[in-house]
Amino acid sequence: MGSQEVLGQAARLASSGLLMQVLFRLITFVLNAFILRFLSKEIVGVVNVRVPLGVFWSLFLGWVWLQLLEVPDPDVIPHYRTGVVLFGLSAVVELLGEPFWVLAQAHMFIKLKVITESLSVILKSVLTAFLVLWVPHWGLYIFSLAQLFYTTILVLCYVIYFTKLLSSPESTKQQTLPVSRITDLLPSITRSRNFVNWKEAKLTWSFFKQSFLKQILTEGERYMMTFLNILNFGDQGVYDIVNNLGSLVARLIFQPIEESFYIFFAKVLEREKHATLQKQEDFAVAAMVLESLLKLALLAGLTITVFGFAYSQLALDIYGGAMLSSGSGPVLLRSYCLYVLLLAINGVTECFTFAAMSKEEVDRYNVTMLALSSSFLVLSCILTHWCGSVGFILANCFNMGIRITQSLFFIHRYYRESPYRPLAGLYLSPVLLGVFALSGGITGVSEVLLCCEQGWPARLAHVAVGAFCLGMTLGIACLTETKLVHFLRTQLGMSRLTDKTT
């Protein structure tokens, strides 16, 4: 398979399901906003901060939540112990579907992945809303049962699809799969009588260590909230809602791009080969794609950062009412907008870095991640005591900046002996930077004058000012970043053509 064909598949994976994802996310966004009107901050804090940690550690440390940590007041948060057990069970169920998810991701089963995950989330939100309205006294039963229902639907969708696919030998998709029946996905003895492929096991162990450390870096604040009781349950709830709302764009746009183009880079570049020994055509295509993705991530992140500052309070007021728009909520979301910019850049740089690194380089990177994990925890403690829950976001920004720097050094070294300079994607024209600054100033003044205590006419005028500035910014971006526009047109056009022909 040539690099252009792989690129077309990656672009199709990232873009063709985007509209469907937006639709499903919009539905769940409305449902979640509705559910928030009937919940207290305390129960949101327990469900979204403490209990999901029990999911991650369900097989090892689940008893910690029941025996060592402070149990919430049963009058405020009823059925805590049962809820933790059910969340742990849901984690086991979800692990059963992990091989199917990997198979779908590796072979770019786009619609399956989007429909399965989106349908499961929507049904979970509908069940949660129904239970919150009809049996609000169930407490954590509501969210634990909804989580178990979600994982069951998710796994069943994958199992049913692959069972039907593998039972039809005439299917062209079935012929490309590395398995011929469902039982092939279960552990088995290989032809060489070895239960474990040690070469793959060593690489898997390297990525496991890396994933473990990334878990500490990305979810470290949740562990600190849980084990150190830095924030009360109410503040934890507000933080988590703002965190989920702020990361919505990252999950909707950046995550599909990162996952899809990681597959592209992994297929185009040979992991154990030096850059000079790669196929030159694939090497050049990878550089072009990386430059365009960096430019796209930078523009999207800057747009969210600039406009997010002026519209954070309005967004929180619409989403959760006074519970979110007053107090620390707006400051948290404004800080998170800056974090989204770093998330966007890091997602692209790391998806290339992890696809191109050798096993030895992955191991060395794990040592760096270990140091980052320790510094993140220390910095979080210091900043949280200094400026409250905003300190977690500032620590994450510092952490993400170090990770970006590490990846940029790797990319620079990787292309140092070639004529390609993909890091040029991080440079923007002075005109476009000036437009971003002007838009930020105009929308900031608009927020002071029009938002958010002067009624809906003033709010709508504030939104209109933002829409005008956004349109102006995007127009200037199209005029100045012609190379990126050409990349998007050609790749999106290719993916649409592929959709029609298939």
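Just so it is clear, glycine is given a Cβ too, placed from its N, Cα and C backbone atoms.
Record features, source TrEMBL:
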{"type": "TRANSMEM", "residues": "22-39", "note": "transmembrane segment"}
{"type": "TRANSMEM", "residues": "51-68", "note": "transmembrane segment"}
{"type": "TRANSMEM", "residues": "80-102", "note": "transmembrane segment"}
{"type": "TRANSMEM", "residues": "114-135", "note": "transmembrane segment"}
{"type": "TRANSMEM", "residues": "141-163", "note": "transmembrane segment"}
{"type": "TRANSMEM", "residues": "283-311", "note": "transmembrane segment"}
{"type": "TRANSMEM", "residues": "331-355", "note": "transmembrane segment"}
{"type": "TRANSMEM", "residues": "367-386", "note": "transmembrane segment"}
{"type": "TRANSMEM", "residues": "392-411", "note": "transmembrane segment"}
{"type": "TRANSMEM", "residues": "423-445", "note": "transmembrane segment"}
{"type": "TRANSMEM", "residues": "460-479", "note": "transmembrane segment"}
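Among 114-135, 331-355, 423-445, 114-135 has the largest number of CB pairs under 8 A with the transmembrane segment (141-163). Packing against the transmembrane segment (283-311) from elsewhere in the chain are residues 3-4, 7, 246, 249, 253-254, 257, 261, 264-265, 268-269, 275, 333-334, 336-338, 340-345, 347-349, 352, 411, 415, 418, 420-426, 428, 436, 439-440, 443-444, 446-447, 462-463, 466, 469-470, 473-474, 477, 481, 483-484, 487-488: each is 6 or more residues past its ends and has a CB under 8 Å from a CB in it. For the transmembrane segment (423-445), the partner stretch with the highest count of Cβ pairs under 8 angstroms, out of 331-355, 392-411, 460-479, is 460-479.
The list of residues near the transmembrane segment (331-355) in space but at least 6 beyond its ends in sequence, with Cβ under 8 angstroms from a Cβ of it, reads 210, 238-239, 242-243, 245-247, 249-250, 254-255, 257-259, 261-262, 265-266, 269, 271, 286, 290, 293-294, 297-298, 300-302, 304-305, 308-309, 312-313, 315-316, 362, 365, 389-390, 393-394, 396-397, 400-401, 403-404, 406-408, 410-411, 426.
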